[in-house]
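Colleague: What Swiss-Prot shows for this protein is this:
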TOPO_DOM  1-11  topological domain 'Mitochondrial matrix'
TRANSMEM  12-40  transmembrane segment
BINDING   40, 45, 441  Na(+) binding site
TOPO_DOM  41-50  topological domain 'Mitochondrial intermembrane'
TRANSMEM  51-86  transmembrane segment
BINDING   61, 378  Fe(II)-heme a binding site
TOPO_DOM  87-94  topological domain 'Mitochondrial matrix'
TRANSMEM  95-117  transmembrane segment
TOPO_DOM  118-140  topological domain 'Mitochondrial intermembrane'
TRANSMEM  141-170  transmembrane segment
TOPO_DOM  171-182  topological domain 'Mitochondrial matrix'
TRANSMEM  183-212  transmembrane segment
TOPO_DOM  213-227  topological domain 'Mitochondrial intermembrane'
TRANSMEM  228-261  transmembrane segment
BINDING   240, 290, 291  Cu cation binding site
BINDING   244  O2 binding site
TOPO_DOM  262-269  topological domain 'Mitochondrial matrix'
TRANSMEM  270-286  transmembrane segment
TOPO_DOM  287-298  topological domain 'Mitochondrial intermembrane'
TRANSMEM  299-327  transmembrane segment
TOPO_DOM  328-335  topological domain 'Mitochondrial matrix'
TRANSMEM  336-357  transmembrane segment
TOPO_DOM  358-370  topological domain 'Mitochondrial intermembrane'
BINDING   368, 369  Mg(2+) binding site
TRANSMEM  371-400  transmembrane segment
BINDING   376  heme a3 binding site
TRANSMEM  407-433  transmembrane segment
TOPO_DOM  434-446  topological domain 'Mitochondrial intermembrane'
TRANSMEM  447-478  transmembrane segment
TOPO_DOM  479-514  topological domain 'Mitochondrial matrix'
């Protein structure tokens, strides 16, 4: 019975729960890796050994957080749980494929861990650039295992994307048009389209790298007429949409949370929000070379990528100001989920501002591969994506489990996390502006102060992670059941009680649209 339910599940709620659990465990692995990085950088001098092991940890940290924490939780966890409930579908369009999407992830994770255990590990950075990732600089199986890991994670995401696109377009009630679906459903749909279009390009790039390493091809080897810059173009054509894949479902969740705790029945500017997400998705595909300003592109190419990148700030601004307009005049409830959402809006905006700075190719020549870039993308990921996940988790936890988290603990947790991540990443702007380069395990003494502050901040964040584990334990131990849910009229995922029955919407829903 247990095996049938959890190994062969075709139920979107069970699979969503599996994704959430997997993402939580992977998140703890990723956090452990990040603390190793900060421990190494907490003081000048070596701690762990050589730069190879340091770079293996950095590479693993990135892959674990992106492919095994953020994507499984946002798309697999919240997506699976909420999309069918929000559109009134009985399940996903392809329930068995849904199960396969999940079960491809543990083997993929295993291959990634194996890559760091054999030989010297893959110390390439998450970009896996040749010639460093070639079979001279990285002899042995490490990089090959990493490539296979990415293949599996990629197949998992592509199958999931097909499933979500089909479900969202095809499984709404007949009376419901696409423009009446909630914003979270829209965000998952757009994310799925981005995955479907970008991942095959990554697959092509890393497969060529695999044959370069093992079958004597020369796609990226100038000696045989290849070009390492080709790899960079292929990688970043995936890599840039990927960062929007990581944040878009978060946008959807934040829209729901802000609307809910402002006491509003709908977000401000629904169509503007949809249009903004579609614009961000489209523009995300035509700005990839801003990651490559230092490889020597023509001045007109650099001018184009600079301006195209800056244009993304417009739809992003539409979203930020629409969230603020949703808050305006509302009956604001200062719940933990609302705190996460407000923290998201503020810190994501800060991360966006440093992104505008980096979009300038002339400035990026100086700031590329410094800690300024690290600070920028950790503000939008560690305080954008993660804050959205935390906000979504404390908001929908009663729906998933039927139990309530302790409000006071949840607010303390938010406060500790807020202090921790800011103390970790704000000083990195100063380090970057002072020229401290990324991906080195040691640094000149001049950089000591801010690195020490940054490392202290990371340990504050660690206490927040541990507190969250305690909070979840406390909720299941105390078993405070959900009495009543407000605003069910506009949030139909809450309509069937907490938690909802194993099968919801077994008969097609009758929808009256006003």
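Every residue gets a Cβ built from N, Cα and C, even glycine.
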Colleague: Within a 10 Å radius around the Cβ, which one of these binding-site residues has the most neighbouring Cβ atoms: 40, 369?
Modeller: 40
Colleague: I need to check the long-range neighbours of the transmembrane segment (336-357): which residues 6 or more away from its ends have a CB within less than 8 Å of a CB in the stretch?
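Modeller: Distant Cβ neighbours of the transmembrane segment (336-357) are 247, 250, 254, 257-258, 260-261, 309-310, 313, 316, 320, 323-324, 363, 367, 372, 375-380, 383-384, 387-388, 390-392, 394-395, 405, 407, 410-411, 413-414, 418, 421-422, 429.
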Colleague: Reduced to three states, what secondary structure does DSSP give the residue listed as 'O2 binding site'?
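Modeller: Assignment for the residue listed as 'O2 binding site' reads helix.
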Colleague: What is the three-state DSSP composition of the topological domain 'Mitochondrial intermembrane' (287-298), stated as helix, strand and coil residue counts?
Modeller: 8 helix, 0 strand, 4 coil
Colleague: Mind checking how the topological domain 'Mitochondrial matrix' (171-182) divides into helix, strand and coil residues in DSSP?
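Modeller: Per-class counts: 3 helix, 0 strand, 9 coil.
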Colleague: Before we move on, state whether the transmembrane segment (12-40) and the transmembrane segment (95-117) share at least 3 Cβ pairs under 8 Å, counting only pairs 6 or more apart in sequence.
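Modeller: Yes, the transmembrane segment (12-40) and the transmembrane segment (95-117) are in contact.
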Colleague: Please give the sequence-distant neighbours of the transmembrane segment (183-212): residues at least 6 beyond its ends with Cβ less than 8 Å from one of its Cβ atoms.
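Modeller: Same-chain contacts beyond the ends: 75, 78-79, 82-83, 86-87, 128, 130, 133-135, 143-144, 147, 150-151, 154, 157-158, 160-162, 164-165, 168-169, 218-221, 226, 231, 234-235, 237-239, 241-242, 244-245, 248-253, 255-256, 267, 270, 273-274, 277-278, 280-281, 284-285.
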Colleague: On a C-alpha basis, identify the one among 40, 368, 376, 441 that is nearest to residue 291 (Cu cation binding site); the candidates are the binding-site residues.
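Modeller: It is 368, whose Cα lies nearest.
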Colleague: Around the Na(+) site formed by 40, 45, 441, which additional residues qualify by having Cβ within 8 Å of the site's Cβ center?
Modeller: 41, 43, 44, 46, 47, 48, 54, 442
Colleague: When the Cα-Cα distance from residue 40 (Na(+) binding site) is computed for each of the binding-site residues 61, 240, 376, 378, which gives the smallest value?
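Modeller: Checked the binding-site residues 61, 240, 376, 378; minimum Cα distance to residue 40 (Na(+) binding site) goes to 61.
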